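As written in TrEMBL, here are the features:
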- 1-8, 118-121, Val147, 155-158: ATP binding site (BINDING)
- His8: active site, proton donor (ACT_SITE)
- Gln32, Gln124: (R)-pantoate binding site (BINDING)
- Gln32: beta-alanine binding site (BINDING)
Amino acid sequence: MGALHKGHVSLINIAQQYADVVVCSIFVNPTQFTDPKDLEKYPRPLEHDMQMLREAGCDVVFMPSVKEMYPGTEQWHIDLGPAEFLLEGEFRKGHYQGVTQIVKKLFDAVNPDVAFFGQKDFQQVLMIENMVAYFKLPVQIISCPIVREEDGLAMSSRNIHLNETDRENALVLSKALGYVKDHFEEKTIAVLLAEAKEMISAVTGVELDYFTIANGKTLLPENDKNQSNLVALVAAKVGQTRLIDNMLLN
């Protein structure tokens, strides 16, 4: 999508360990925006992005136009499973149909052996995995660790919209996730959820959409700490900017 940061560079660095040729696409995909204003204000610092890719040693940059990727009217709807409609899917209806449509197009154009996505968009990675399974594509999907600022804020292209106050307030998201992880063994899930939500609601200017502890494959809420593959996920509006974050628990 562009507006690259160190998190994106980390994907390139990891890809270089797996592949002889690393291809990076830059394409602000209109079909995955449910709010036209969100699409309009999405940052597009092209020269900055190209410089970052050059310095990272990316071999090929694929930067198609909207007309090239969507030459005509298309119907696209695939079964991504029930998880499509949870969490982000509830707040951004149709979002993951748009995401998987463009990723399929990019895969068709590049024909990769392996593709790398950031864990920060946890649900997106799951939906892409489901799309790959749906079409039986011969591509391996690798989820790469979240890259954070020194104070814990998850790196995101949207962080550029945060003013100084918002930037400080946004730290409560990673702090709440870290609190849950640090106390996961000693407290119940119900208590952890209540305390995390209280931490976030106490910060003025942060409007919580959800904070959940879920099964990492189904995204359904989980109350049993003995289950494996648990993840804490959060989404909130900080000032005028909506942010998401997550943390693996076990």
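Placement of Cβ uses the backbone N, Cα and C atoms for every residue, glycine included.
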10 Å Cβ neighbour count around Gln119 (ATP binding site)? 18
Cβ distance under 8 Å to Gly7 (ATP binding site), same chain, sequence separation 6 or more: which residues? Gly118, Lys120, Ile146, Val147, Ala154, Met155, Ser156
If you measure from the Cα of Gln32 ((R)-pantoate binding site), which of the recorded positions Met1, His8, Gln119 is the nearest? Met1
Fewest other CB within 10 angstroms, which one of the binding-site residues Gln32, Gln124, Ser157? Ser157
Quick note, Ser157 (ATP binding site) and the residue listed as 'active site, proton donor': C-alpha atoms separated, nearest Å, by 10
Return one of helix, strand or coil for Leu4 (ATP binding site), based on DSSP. coil
Taking DSSP as the reference, which of helix, strand or coil describes Gln124 ((R)-pantoate binding site)? helix
Counting across all protein chains present, how many other Cβ atoms fall within 10 Å of the Cβ of Leu4 (ATP binding site)? 23
The residue listed as 'active site, proton donor' sits from Met1 (ATP binding site) (Cα to Cα, rounded, in Å) at a distance of 10
Can you give me the Cα-Cα distance between Gln124 ((R)-pantoate binding site) and His8 (active site, proton donor) in Å, rounded to a whole number? 15
Gln119 (ATP binding site) falls, by DSSP collapsed to helix, strand or coil, into coil
